[in-house]
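For reference, the structure discussed in these notes is given below.
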Amino acid sequence: MGLRRAARVILIGAPGVGKGTQSERLLARFPQLSAISSGDLLRQNVKTRTPLGIKVESTIKTGGLVSDDLILRLITNELGNRGWLSGGRQNVMTLASSAIEVAEAYEDANPFITAGSRNPAAGATLSAQALEDPRASFLLDGFPRTATQAERLDEIVPMNMAISIKTPFEVIMERIHSRWVHEPSGRVYNTSFHIPKVPGRDDMTGEPLVQRADDDEKIYRSRFQKFQETSEPLLEHYAKKGVLWEVQGMSSDEISPKLYKEFERRFA
Ligand code: AMP
């Protein structure tokens, strides 16, 4: 289905609530939409052993939050790579991973430098063209997680829909136990309701699926608690802007049709 307006969407929900699943489904339904997942970008950096990846590895493993500066840099680079930003230090932004490496090296060599000037994309904002172009539609998954991150994102991109997905804790906990992911693509499976065609293998590539280290129960509880603490001000932030929309359900299948309907009403 085509979009008539550019959709700049944030998915907010506890870890394991099915943001990945909803994101995948929205992407399949609306081809102009693309997803940017902060968790996937971070895991990719960890896997390919970039300086940023090495820096954040232990934080991710223990369920902590990566610093706002690093996350902002990662997301801004991603938007810059798609050619959607204008202003700022564009020359550095064309190469995502090397931009991050340059920034890291710069930061390490200049410990007293301020946060803003450390960002290779400092000052860049969404271009006037991208603002209007439905092809520049995207969905943020896992970012922003705090009101501070949201405020900093506002300086770059005006988001126009924040979707809050709500499912009870016990239901999510049960689901997490049976979650498997295809790491290179971020595709998510579940051994009870979204079963891969071949057990333990990704449907598209046939590559092996893995369970995420941070899906361990104790770590999950800590991540859930952190989400509770930080999401309230985040939801408030978007409510104040008039772009918050809440959806409740026990499963992704219950949530998807409600989500499609509202999404179409706003953008299609
Ligand atoms: P996710 O796949 O979204 O659950 O993210 C996995 C991990 O990456 C989180 O537990 C955090 O350690 C880190 N992370 C992802 N997004 C953010 C963010 N917006 N702010 C801080 N840390 C993040």
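Cβ atoms here come from the backbone N, Cα and C positions, even for glycine.
Just so you know, TrEMBL annotations never went through curation; they're auto-generated.
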- [ ] For the GTP site that TrEMBL lists with Gly16, Val17, Gly18, Lys19, Gly20, Thr21, Val188, Tyr189, Ser252, give the additional residue from the candidates Arg8, Arg29, Arg179.
- [x] Arg179
Task: Candidates Arg25, Arg201, Arg221, Arg223, the one TrEMBL lists with Ser38, Arg43, Gly64, Leu65, Val66, Gly142, Phe143, Pro144, Arg145, Gln149, Arg212 as binding AMP - done: Arg223
- [ ] Look up Gly20 (GTP binding site) in the DSSP assignment and reduce it to helix, strand or coil.
- [x] helix
- [ ] For each of the binding-site residues (Gly16, Gly18, Gly20, Gly64), count the other CB atoms lying within 10 A of its CB, then report the residue with the highest count.
- [x] Gly18
TODO: Please state how far apart, in Å and to a whole number, the two most distant Cα atoms are among Gly16, Val17, Gly18, Lys19, Gly20, Thr21, Arg179, Val188, Tyr189, Ser252, the recorded GTP-binding residues.
DONE: 13
Task: Residue pair Arg179 (GTP binding site), Ser38 (AMP binding site) - Cα distance, angstrom, rounded - done: 19
TODO: Please state how far apart, in Å and to a whole number, the two most distant Cα atoms are among Ser38, Arg43, Gly64, Leu65, Val66, Gly142, Phe143, Pro144, Arg145, Gln149, Arg212, Arg223, the recorded AMP-binding residues.
DONE: 25
